[in-house]
Every structure is written in C-alpha cells, then in structure tokens.
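Pulled from TrEMBL:
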type    : residues                : note
BINDING : 119, 183, 213, 244, 382 : UTP binding site
BINDING : 214                     : substrate binding site
C-alpha cells in the first residue's frame, strides 16, 4: 500500500471513530423525542444497530480481503449428498417431528410484482396464497402425526407485521399454532454524512427505516424470548426458509440426519445453473466450513466464482438450526455476521442499508454442514415468470405441497422469461387467457406487447417478440413448438 493510500485510510479511520462515538448518543436523543412507540427503537434494536454501524465503520477503513488460496472444496462431511441420507422409519417420524418448529421469513412486500401488502398473501395457485399453502403443509404433518404438534412461526418486518396479524386470524380453526414476531428495524444512513436518516421521528416515515436482512433472525428470535419458549415445549430444531420458496417443505430425511449427527446448523444447497451464478456457495476456508458470497470475491476471481465447474452448488436459504445452539451463541455475543452494504436512494438522498444474511452464520455453529438437495426444494417466486411456472400444469398440489407432474419427461423445469409488460401480476393476468400448457416446454422468452389466448400449448423453445408499436395476439388453442414469432400478429376469430 502506498504512503498516500495509507494516509487516506488513517484519515478515514479517525473520521469513522468520530462518527461512531456520536451515533449512540444521537439515537438516544432521537428516541427521547419520539412521538410514540412506533417511532421509538427498542433497546435491542439500538444495541444491534450501534454494533453493526461501528463494525461497518471499522471494516470500512480496514477491509480484510479473503485469501483465495485458503479456499478448498468442502469435504463429504461438510457437504452431503441428499440421496445418501437415510429415511426415518414410521416409528421415528413422530418423534423427529415433535422436536421441530418451522419458521418462514415473512418480511417482504409484494410491491415488485405490483401487489399491496405482504408478499405471502399473493395468490399463487388455485386461489390459495403462499401462507395458505404453508399452513396446509404444517396441518397435514400434524394430522398425520398427532403427537408432533409442529408450530409455525412467522418473522415479520415492520412492513408486514400489522397486516399479517389480521390475515392469520382465518387460520384459527386449523391444527396449526401460529406465532409471529417482528425482526429489528434500523435507520438508513445518509451516505455523505454517515448519520442515521430519521433526524426527527414521527412514526410515519417508513422510507427512513429498513429491516436489516434475514441474518437478523438470530438476534430477533432470541430477544423475543421464543427460543426459551420453544425449548420449554420440547422443540430442539427450527427449520427456516423464505416464505416465497414453495419447495421448502419439511423433509424428514434431512431432519433425521441433523438430529442423529448432532448437527447444529445445516444449509440446503442445490446444483448451480447459469441463472444462479451469483448465489453464495459452501466452502472449506482454512479448514472450516464457511459460506462464500459474490460480494466477498476479489474482482480477479469473479469469473472463477461464477464457474459452474468449480463452485457447483448454491445456497437455497433453507436452514436447519439447533435452538440450544442459537441460545449459546447469542448468549456468548460472539456472532458478528459479514456486513452487506446495500446502496439506495430515498427521496433524492443517497443512503446505505447495513444488512446481514442467515447463511453467513454457518461458521459460528459446531458440526455445521450442507446438504446438496434436489432442485425441487428450491422453487422461489420472485417474478411473474416464476409464477407462470408454479401455476402451470408442470405441478400439481398435494396437501399444500407442489409435486412435479409425472407426465413431464425431463427432470429439469423450463426456463421462462417474461418481458416488462408482464411484470405486475395484474398485467400478467390480463395478458393470459389461461396459463399455457408447458409440459413439453424447454424455454420461453416473451418481449413486447404480447397476449396469449386460452388453452395455448408451448413446446420446445418458443420466442415471441412484438416490435415496438406492434401487438402479437396468440390465438386461442394455438400450439407453438420450436417457434419464433416476431413483429405483429392479430388473428380475429370468425
């Protein structure tokens, strides 16, 4: 490092220490000025933010780069193959399930798909929502194994908490105990001044706040008291996953493996495709199991990281964790998850959000490992392209779980890419007379002003591109097989 670079780093370090020393006092003052509890940070939130903020400033001036030569492929103990896991006997199933709680990360809104409220209430299949399907899954487990009593927990954000509380009332008569709690709420930071955004609190300015990522799960569930509550109920493990991953169902093979091997933390990973090249992957780093994220990779190794040949699997964010281990780690205060800096612009001001990810915690638990699971356990719905696949005849529903149609001749699912005209759910529904038959589809790309009539069938590779100013209307009952449709097409029935 040059003398000038070192001087600049030293200067930043001095400035950052100055900023860090004042932020706790400012937050204390802001809390005193808060109009109500909605505008006030809890003691746990304040402590968590100050710790994260201080670490960010410290690491900002002294960033340690990962040592690429210390990275090795995980051993078989670190990354197990799903098909090597033993199935539990019928007698074991109830006992295993009695030790389990299920948690869904329910902090996201459906705004990116043009929907209001929590994403978990978007209708995804046969007029049922994500949350409906999840409750059906847990209810089926509890009916099939009466002594199991698997509870469902929802970790909400301040964006979803009040609406979710109203929605879950409809599940009162089900055989599922549902508990909600709210994850932390942190203030955004002005990029230029490094000061928290909400200089005054009115409890209404949601743009000033953000939920600090799913790595906050550990602190939030521990400070809520739910870890002790679950342990007192005889629960030993918690299965955590994203609420929009419809493949993240309770798997007894994984649970049996976790319990019998005394695994404190188990991450599900699946085979990487070209669409997943940025996903985090499990590695052996200096002999210890760890998660490698793209943000940690030095620029000269980015292409190597994206390579499917070397880093073959990626994190699905389906995580199994020991409740006793969570309690031990949180009581020790040793968990310092890698910070993800998320740059945003709010009301014309450049801000940063400091976030953490649940996968980064793998190194803090004893006997941690990964399992290479089938792709069927990773069915996220992040866009209407994903929604079309989930709603199609590629899948059938069984007790709230999606099952691939046995008539599909390939193990892989088709790649579907819908253009911006389909981005919002209302637009998507308006442009489809019905969901096309995709059983024999390999790839679909749609761009421009395109409409599909009812009962269309898509096979092989289908590309439909409407040129600017033109409209393509695929007639009702059409069969498109290995077709490219470009320009304009409007067939008028007669």
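Using the three backbone atoms N, Cα and C, a Cβ is placed for every residue, glycine included.
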Least buried by Cβ count (within 10 Å) of the binding-site residues 119, 214, 382: 382
In sequence order, the binding-site residues (119, 244, 382) whose C-alpha falls within 10 A of residue 214 (substrate binding site): none
Packing count at residue 183 (UTP binding site) (other Cβ atoms within 10 Å of its Cβ): 26
Cβ-Cβ neighbours of residue 244 (UTP binding site) (radius 10 Å): 22
Neighbourhood of residue 213 (UTP binding site) by C-beta distance under 8 A, where only residues 6 or more apart in the same chain count: 340, 355, 356, 357
